[in-house]
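Here the structure is laid out as structure tokens; the discussion comes afterwards.
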Amino acid sequence: NNCPQDWLPMNGLCYKIFDELKAWKDAEMFCRKYKPGCHLASFHLYGESPEIAEYISDYHKGQAEVWIGLWDKKKDFSWEWTDRSCTDYLTWDKNQPDHYEGKEFCVELVSLTGYRLWNDQVCESKNAFLCQCKF
């Protein structure tokens, strides 16, 4: 594994939690600027979710929800990953996504579910975030 020390290696990629609170778009830009090819994290296998959840629980300082790279760009429940990978795995929290009040188009890991399940949230909300990179 070629991941730097405080990054989580998984399936050829490296993941890191950042505790700085940012709006979703600013978090995605931060990941992209960190290193070319980095994005907010995308998930594709059931097995990735618990491993990442455990990593976040161990390293996340604070109670904030955590942005991942899923969003509803067209605002019609057609969810897309910022790294343009295939949306083949979704693990929503109960009664989600709901586009509550027609305002929630970005996806966060819910702290009350141990960061295992997802919720759609207002993109301007300030959250911690999870970057995914190749090193």
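One is the number of the first residue shown, and numbering goes on along the chain from there.
Each Cβ is built from the backbone N, Cα and C atoms, and glycine gets one as well.
What Swiss-Prot records for this protein:
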{"type": "DISULFID", "residues": "CYS3-CYS14", "note": "disulfide bond"}
{"type": "DOMAIN", "residues": "10-132", "note": "domain 'C-type lectin'"}
{"type": "DISULFID", "residues": "CYS31-CYS131", "note": "disulfide bond"}
{"type": "DISULFID", "residues": "CYS38-CYS133", "note": "disulfide bond"}
{"type": "BINDING", "residues": "GLN96, ASP98, GLU104, ASN119, ASP120", "note": "Ca(2+) binding site"}
{"type": "DISULFID", "residues": "CYS106-CYS123", "note": "disulfide bond"}
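Where Swiss-Prot records a feature, it is marked here on the structure.
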| residue | record | contacts (Cβ under 8 Å, 6+ apart) |
| --- | --- | --- |
| CYS3 | disulfide bond | PRO9, CYS14, PHE135 |
| GLN96 | Ca(2+) binding site | LEU117, TRP118, ASN119, ASP120 |
| GLU104 | Ca(2+) binding site | PRO97, ASP98, ASN119, ASP120, GLN121, VAL122, CYS123 |
| CYS106 | disulfide bond | TRP24, TRP67, LEU70, TRP71, ASP72, ASP120, GLN121, VAL122, CYS123, SER125 |
| CYS131 | disulfide bond | TYR15, LYS16, PHE18, PHE30, CYS31, TYR34, CYS38, HIS39, LEU40, ALA41 |
| CYS133 | disulfide bond | TRP7, LEU13, CYS14, TYR15, LYS16, CYS31, TYR34, LYS35, GLY37, CYS38 |
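Other C-beta atoms found within 10 angstroms of the C-beta of CYS31 (disulfide bond) number 25, with every protein chain shown included.
Counting every protein chain shown, the number of other Cβ atoms lying within 10 Å of the Cβ of ASP120 (Ca(2+) binding site) is 23.
As a summary of secondary structure, the domain 'C-type lectin' (10-132) carries 29 helix, 39 strand, 55 coil according to DSSP.
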